[in-house]
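Working notes, structure below.
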Amino acid sequence: MVVSGTSLYAGAAVAVGLFGAFPPALVAWFRISAAALLLLAFRRPHPRLFVGAAGRTAAIYGAATLAMNMTFYAAIALIPLGTAVAIEFLGPVAVAAVGSRTARDWAALGLATAGVLVISGATWSDNAAGILLALAAGVLWAAYIVAGSRIASDPGTSKSSTAVGFAWAAFLALPAAVWLWPDHPQVGVGSLALMWLGLGFFSAALPYSLDQVVMRLAGPAGFALLQAILPLVATAVGALVLRQWLSPAEMIGIVLIVSAVALRKPAE
């Protein structure tokens, strides 16, 4: 999970560097289309995985992933990376609570909600749109976990289904990507190709493939628990790479959210 988180947010830091030349939603499409190409080349999924029930399940997973990426990238274009991840994390904590329905888990959800409220109170007046986008990304993150657990339930095809889902998402969103493409990009073709592949590998192909392994071993609720470290990883990457220093109130909110996930009882 540490490797997955570091790779994921290092890729997000690269994405922030592209926001000056491309809309965040288009950068999110770069991410998933590059990941689809890399995973298709590596996994070479059977054609049957693209159609029928397997294809629909993979497509739903891919669509949830792309929508989550688009809203998350729109959020980090407006607010610090660590803040956005902490707010977004309310989604996985909710999945963990609903998945087990114990008093301890609902208390953890309440603690996480308090953390989000503390963060929101510190930054709402400066950027309400960024907070709302991060909350939307959290809802979509919950959908990603539920959809991902379904394809992870088959260890023989889970990684191939990840490639299929990303391919479907990239294909279905292609018209939107063409529409969002700027008339005069400020990035050269060679530089864009390198960043496109790097973004796809470090920010999608590697971490989401690792996610499938963790989901299969831990289940949806356990997966949400193990992600407790991600807000801290995102905060560290934001500070070291993007020079985004958080306020004391934001740090308190992040600590509350991490504590909430630590409080949550692991899945049996």
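Backbone N, Cα and C define each Cβ position, glycine as well.
Going by TrEMBL, these are the annotated features:
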type	residues	note
DOMAIN	129-263	domain 'EamA'
TRANSMEM	12-42	transmembrane segment
TRANSMEM	49-68	transmembrane segment
TRANSMEM	74-99	transmembrane segment
TRANSMEM	106-125	transmembrane segment
TRANSMEM	131-151	transmembrane segment
TRANSMEM	163-181	transmembrane segment
TRANSMEM	187-210	transmembrane segment
TRANSMEM	217-239	transmembrane segment
Run through the domain 'EamA' (129-263) and tell me, per DSSP, how many residues are helix, strand and coil.
116 helix, 0 strand, 19 coil
Counting only CB pairs under 8 A, let me know which of 12-42, 49-68, 131-151, 187-210 has the most with the transmembrane segment (74-99).
131-151
Dominant neighbour of the transmembrane segment (131-151) in 12-42, 49-68, 163-181, 187-210, by Cβ pairs under 8 Å:
49-68
Other parts of the chain folded back onto the transmembrane segment (187-210), taken as Cβ under 8 Å at six or more residues beyond its ends:
1, 3-5, 7-8, 10-12, 14-15, 17-18, 21-22, 27, 30-39, 65, 69, 159, 162, 166
For the transmembrane segment (163-181), sequence-distant contacts whose Cβ falls under 8 Å of one of its Cβ atoms, 6 or more beyond its ends:
22-23, 25-26, 29, 32-33, 35-36, 39-40, 42-43, 45, 49-50, 54-55, 58-63, 65-66, 151, 204, 208
